[in-house]
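Each remark here refers to the structure printed beneath this line.
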Amino acid sequence: MPSVKYQRGEMVMGRWPGSSLYYEVKVLRYDASSQLYTVIYKDGTELELKEQDIKNAAGFQTRSRSRSRSRSPGRRRSRSRSPARTTRRSSSRTAAAVATAAITESAPTSRRDAKLKDTPEVRLSPLVSATAAFTVSSESKVEAESEKNQGRYNLRRRKDDGDAKALEIKPEKLEEKDAKLAAASAASLSSPLDFGGKMDFFFLLQCKQGQCWLADVSLFNLEDPSLANFPPLLPPFEAFWDAQALGFVILWVLFQVLLYILPVGKLSEGMPLRSGERLKYRTNGFFAIAVSAVAVVAAVHQGVDLTYIHSHFLQLATASLLISVLLSIYLYVRSRYAAPEQLALGGNSGNVVYDFFKGHELNPRIKDFDLKFFCEMRPGLIGWCLINFAMALAEMKEQSLNAPSYSMILVNLFQLLYVLDGLWNEEAILTTMDLMHDGFGFMLAFGDLVWVPFTYTLQAYYLVSHPNLLSLPALAAIVTLKLVGFYIFRKSNSEKNAFRRNPSDPKLSHLKTIPTATGKSLLVSGWWGVVRHPNYLGDLMMALAWSLPCGFSHLLPWHYMIYFIILLVHRDSRDMSECRRKYGSAWDEYCRTVRYRIIPRVY
Ligand SMILES: NC(=O)C1=CN([C@@H]2O[C@H](COP(=O)(O)OP(=O)(O)OC[C@H]3O[C@@H](n4cnc5c(N)ncnc54)[C@H](OP(=O)(O)O)[C@@H]3O)[C@@H](O)[C@H]2O)C=CC1
Ligand SMILES: CC(C)CCC[C@@H](C)[C@H]1CC=C2C3=C(CC[C@@]21C)[C@@]1(C)CC[C@H](O)C(C)(C)[C@@H]1CC3
């Protein structure tokens, strides 16, 4: 970093965002495009700071020494603490583990420099409002909030309630830990690419899956799918391309655009961005699917043959792929001109292929039209249900049935429930990783527009030509699995969403939480106390219930299950590192308390 004020590795004083508190931090890197310094606190929490929020450590210490003889409200209080308060104090100590070298400009303290390392000067108790993450304004406010949250912010482990000390970070351990953390962060600097730099693997996986998908889809369309009649590795050009199919896909997307921009439904607020701004989203997805369903039924009634979707599956997928590529090129180009505060943290590696794949702009918008939100929640997701419905009609046609098979009905209903639920709770998507942290690039554009509609429908596609009879007990067991999975998925997602939107929601007051240095807290009881990703657990159970109706004779209907396990395990580890970076020791504490990631006692 030759031309920047603070150098990598330099120890400086970083202002805690929104407050007048300064902490000793180490500079990790400087991002020229966003003009932000990434700094690491003593407990491993990383934050991005502007240059004006960083001060030279030397000058700062002189100033704090001169103030050190003045009155120290914090210290006075600590002497007269009752035992109950001591427990709370130890909680806030852990919460404020970052404050290993805190100095307030406005509230002078009496700490000596020698003590700065292990004694938090200021209690960074978490604040309750969703927007309060960075609004520590005065010690008195912090104190008041702390009183208010006393019952909820419990840092003690649930099982050994009496052992509050176990959670305090020992100063000497902290030093050792710091070194490891700094090293880990430095390592992440040298390989800043997501997917652990294994993007080749991800590409290969996607290509491999695409190849299998092609082989499967071609195989199923054969009259005689025997080994002697194996389809060519690549179907002929016409099998991929059909201008009419492209026309239909464009019409479908435009229809969804129209429904999205209609001034119908709620305007929901997204999570606060780095700039503090909160974007508004039109969450009328349920309305969109209802209108789409009416339109589709009316079209079928008018004689439109939806089995076209089955017979032109490949061409429709190619058309969607083309649209997703064009969209990604547009996204990549516009991200080059986007203002720094509009960019996601990833996607700026300098490697064109990686950045194109990962995406750099966080919330690309054309006026109020949010491209990422729209693509994730509308054409592909609603298209998934349309395709499933078309497969049910194709099955009836191909198998000469008066009604779809039980297996087909189950697959259709299960997946419809999943999509309807996603759209009904559309607001909850605003607190997911994709919306909050990830840039919008080829991976998501392709995922939303091609992957979801053309691979999530493979169970229904398979059943068209592979009837699978289900016994009543099997049917009952599958339905039970789906409902239990759905319950876990919905409850856990709603719990987290409600908590992120309003941490002081009275409905959540029974839940234990861990405060973090950022002001946000982590749920440590309820669903998020069972495993670290209860929503993934429910989702996986549902995925199993989607594949079971297709039986075990072919791998294709299990494609989703296999892909989903890989996706969620990878997402979980990506989220783990991201949360570790954000929450530092509080995250470690959460992981110690909630031992398993997705499946209790297994993983
Ligand atoms: N069908 C499909 O293809 C897919 C479905 N999904 C589903 O989408 C849903 C969203 O998944 P995803 O976005 O991956 O992840 P999550 O909704 O689980 O979001 C993870 C975030 O939640 C917050 N968080 C983590 N732990 C806690 C805690 N203990 N207390 C409070 N907040 C916590 C953190 O964000 P912060 O602290 O910053 O708020 C973390 O980054 C899931 O149900 C998943 O199963 C996901 C991918 C694909
Ligand atoms: C092609 C790549 C290898 C992977 C692409 C991943 C995407 C397909 C998924 C990433 C997160 C998703 C979510 C849903 C669909 C799949 C993608 C886009 C979701 C909208 C499905 C419906 C759920 O109810 C949900 C919780 C809203 C999901 C949110 C995440």
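Placed from the backbone N, Cα and C atoms, the Cβ positions cover glycine too.
TrEMBL assigns the feature transmembrane segment to residues 510-531, out of the candidate ranges 4-25, 26-47, 114-135, 510-531.
Recorded stretches compared: 239-262, 283-301, 510-531, 543-569; the one with the most Cβ pairs under 8 Å to the transmembrane segment (444-464) is 543-569. If you count C-beta pairs under 8 angstroms between the transmembrane segment (283-301) and each of 239-262, 470-489, 510-531, 543-569, the highest count goes to 239-262. Note on the domain 'Tudor' (4-62): mean pLDDT across this stretch is 76.
Long-range contacts of the transmembrane segment (543-569) within the same chain: residues 205, 209, 212-213, 216, 220, 406-408, 410-411, 414-415, 455-456, 458-459, 461-463, 466, 468, 470, 474, 478-479, 481-482, 485, 533, 536, 598, each at least 6 residues beyond the stretch ends and with a Cβ under 8 Å from a Cβ of the stretch. Using a Cβ-Cβ cut-off under 8 Å and counting only residues 6 or more beyond its ends in the same chain, the transmembrane segment (239-262) has close neighbours at 218, 282, 284, 287-288, 291-292, 295, 312, 314-316, 318-320, 322-323, 369, 374, 378-379, 382-383, 386.
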